[in-house]
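These features come from TrEMBL:
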type	residues	note
COMPBIAS	1-12	compositional bias 'Basic residues'
REGION	1-155	region 'Disordered'
COMPBIAS	14-37	compositional bias 'Polar residues'
COMPBIAS	58-103	compositional bias 'Acidic residues'
COMPBIAS	111-151	compositional bias 'Acidic residues'
DOMAIN	275-564	domain 'SAM-dependent MTase RsmB/NOP-type'
BINDING	367, 368, 369, 370, 371, 372, 373, 391, 418, 437	S-adenosyl-L-methionine binding site
ACT_SITE	494	active site, nucleophile
REGION	567-662	region 'Disordered'
COMPBIAS	588-599	compositional bias 'Acidic residues'
COMPBIAS	610-648	compositional bias 'Basic and acidic residues'
């Protein structure tokens with residue numbers, strides 16, 4: 001019976017529903033299909049199985065209902081059309097409730113148990129309120145929920161990205177910590193490597209070098225040497241790794257054992273590889289503006305119009321330009337021929353900048369060819385004062401004089417002397433400043449001359465160092481310590497060897513009353529104060545070193561000395577022996593026939609006569625002392641010998657000076673004769 005009453009109510013409601021549905025259509029016709037579809041969708045979410053059964057069992061009832069409502073709507077449109085505006089919102093709510101009841105009424109076709117359950121749910125719905133209002137509110141909630149869901153998804157994605165980045169950063173930090181940490185419990189298998197055995201090395205030596213294998217092995221050894229405790233190969237020592245690295249570098253890059261061994265001793269493994277790789281590349285081309293004729297800005301504009309791609313050299317130079325590429329030969333432009341600029345490496349600017357010449361000074365350039373530094377000095381002096389441009393090699397005098405004329409230099413005298421004889425020619429303590437760009441092994445310019453890799457040996461380095469010491473002492477002797485504006489000597493080489501640089505300066509500091517001063521250069525690395533077993537004076541940190549892998553210029557060394565007094569320091573007996581060797585080296589290095597003849601005649605007389613005279617004097621002294629004191633003691637004899645011995649070197653010094661003067665005169669006579677012959681031939 002409750003089911004029957006329910007059906008009656010539903011029938012009554014159905015009779016009322018058509019006009020209400022028409023009213024709703026007239027008010028909001030476009031919104032009705034959307035709400036109906038959404039209602040169906042909402043109910044399908046609540047009870048999907050019931051709706052399936054409803055579609056399967058009853059299909060005609062909803063069609064009949066819709067037909068009735070449509071007919072009633074057509075009949076009542078004219079009569080009720082005028083009252084649409086007078087309908088209260090309460091009627092609308094009732095219509096919505098009735099439509100819900102009508103839809104729920106379709107559940108009568110199911111079993112009684114299901115109907116009882118439906119009634120209970122309907123009672124709950126009536127108590128809670130109309131379902132349509134909930135559904136309309138759910139639409140807005142759904143739209144808000146969708147936007148909220150999108151925001152949440154975007155936020156979650158951003159959080160996931162941040163977490164991924166944090167994980168990557170943490171992994172990178174962990175790898176860096178593992179590399180830098182000195183103590184590790186276990187070594188990963190992929191990081192471990194082993195050195196080749198003797199048999200493998202023999203097999204490699206039989207065939208051509210395997211360059212990829214050598215490259216990978218060099219990289220592995222360098223990586224191990226950077227952190228030897230962490231990446232140490234099994235059952236190997238550091239010495240074995242270093243020796244294998246020397247061999248591999250020599251065979252891969254073409255260095256001899258001496259030079260690569262010296263470089264390994266001077267630089268750590270990582271920096272060593274950077275230096276060697278820098279030697280394999282050419283340095284950028286640079287030019288120096290001749291301020292006697294033009295300005296850098298004007299020169300740059302002209303060269304840019306000719307298709308030259310250039311930039312200013314650096315902040316430390318006001319006259320330098322870097323040439324990247326050019327459509328015309330940079331050494332054959334009209335500006336070059338007119339002397340507006342000079343092709344000159346960036347490292348060659350440094351010695352002149354350290355010398356800092358002033359106007360109206362007397363300056364000596366000991367090794368002047370081809371004239372880049374000399375013309376720079378003349379430009380800084382504005383063609384005032386006097387410059388002695390000396391060059392020992394005759395073939396290089398042509399380029400020196402040509403560049404001086406082309407650049408418009410008028411205050412320079414070109415001379416052809418051995419730099420060690422300049423104090424005799426120009427006089428001692430007569431000039432204000434001296435620039436000595438000494439001849440060297442060229443280990444800093446391997447990119448220009450790759451033959452240095454093979455040709456240079458320890459004996460040649462020692463010969464260069466010996467010559468450099470002589471030239472530096474001669475340069476110091478020419479400078480006047482009492483000069484008001486000068487008294488400075490600049491020593492520079494294009495070598496990176498300690499033997500040719502710091503060792504030579506340390507020797508000069510001991511032999512002459514000079515001190516090191518700052519070079520006036522804001523960049524560059526400090527010189528060595530200690531190197532392996534050598535210990536130099538602490539003031540050598542004022543010298544400057546320049547490397548291709550750090551400063552992008554040729555390897556160079558610059559030191560600036562200030563002469564404190566014109567008095568030479570007293571030499572000891574050991575120094576006299578060193579002077580003898582120096583003089584012998586001077587004579588042997590010359591090709592003069594007359595000098596060789598003088599050596600043959602005078603050299604034997606010195607060693608032959610001296611021992612006889614010494615023996616006779618010693619015998620006389622012993623006899624005299626034995627007569628005077630029968631108890632003669634050995635200590636007194638040694639003291640008397642030591643007291644009388646200093647008089648002997650003085651006599652030898654006089655003979656040496658005479659001997660050197662005769663040799664110098666013979667050389668000058670020969671040069672005069674050669675010049676006269678050359679004039680006659682012309």
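Every residue number used here counts from 1 along the chain in the order it is shown.
Glycine residues also receive a Cβ, built from the backbone N, Cα and C atoms like all the rest.
Automatic prediction, not curation, is the source of TrEMBL annotations.
For the S-adenosyl-L-methionine site, whose annotated binding residues are 367, 368, 369, 370, 371, 372, 373, 391, 418, 437, the maximal Cα to Cα separation is 20 Å. Taking all protein chains in view, 19 other C-beta atoms sit within 10 angstroms of the C-beta of residue 367 (S-adenosyl-L-methionine binding site). Annotation for residue 369 (S-adenosyl-L-methionine binding site): same-chain Cβ neighbours under 8 Å, separated by at least 6 residues, are 391, 393, 396, 397, 399, 400. Taking only the Cα positions, the spacing between the residue listed as 'active site, nucleophile' and residue 418 (S-adenosyl-L-methionine binding site) is 20 angstrom. On its own chain, residue 418 (S-adenosyl-L-methionine binding site) has 392 as residues at least 6 apart in sequence with a Cβ closer than 8 Å to its own Cβ.
Counting every protein chain shown, the number of other Cβ atoms lying within 10 Å of the Cβ of the residue listed as 'active site, nucleophile' is 23. The Cβ of residue 373 (S-adenosyl-L-methionine binding site) has 25 neighbouring Cβ atoms from other residues within 10 Å, across all protein chains displayed.
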